[in-house]
Amino acid sequence: MKLEDAFRKRARLSGVVGGSSTGGPDRLSSLPDCLLHTIMSFLQARQAVQTCMLSTRHKDWEHFTNYKDWENFENFAVTLMRRCNIAQLDSFRLHIDRFRAPEFGNRLAAGWLRRAMKYCTPDHASQQGLSSGSWRLKRLHLCHVLLDNDFLKHVSSVCRSLEDLELDNCICQIQSITSDSLKTLVLKKCGWRNLSEIISPTLKTLVIDGGSNTDDCVLVIMAPSVAYLHLAVHVGHFSGGV
């Protein structure tokens, strides 16, 4: 029985027992956090989102990103990636709150993505981590995630249909951004170590808003199809030039 069907049935029964046609009280909100997190760790992504309609206290996944409950949130994220075939998603957004996450939360989040790209494939029958099947992902938005130099190499090899990439307040050790599929690239307030090139013949929109490139290297942009360019950086933070 689906989660929402079970809830509706329970609500109807509560209304009969209580002598009211409006349904029973919100018992889900009265459960302790530790029990709620355990329950949600066993749910599929769609069901987890549906609990927002059932409980007045938990209306946002960001509830799980405070420091106290980070371990539960990590278990939830790992379960989500294991039990749901995220390789079939059209879009994926991961926002880590740096004020609520532990010291290395951005590094752990990057590890989730690496494992997902290694072990998740579009084909349910061959999830052995060695399939060459490409993800269906078209939009990837990351916030406050630590990205090493191999990150975009993994993305390019797995997410071959990626059209929209947004990095917000990410710490990046990426030296080169190259793509034959990207149409929109948005880089907001990212800390770059030695970003030297952005190359994409398909790119239509490029936004670089704030951030810094600390190793004094020149950033070369080769995107002949760009129709919209927004470049707003402090000259002292990109001392190597653009």
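Quick reminder: no glycine exception, Cβ is built from N, Cα and C everywhere.
Any TrEMBL annotation is an automated prediction that lacks curation.
The domain 'F-box/LRR-repeat protein 15/At3g58940/PEG3-like LRR' feature in TrEMBL is assigned to 134-229. Confidence for the domain 'F-box/LRR-repeat protein 15/At3g58940/PEG3-like LRR' (134-229), expressed as mean pLDDT, is 92.
Per DSSP, the domain 'F-box/LRR-repeat protein 15/At3g58940/PEG3-like LRR' (134-229) is made up of 8 helix, 39 strand, 49 coil.
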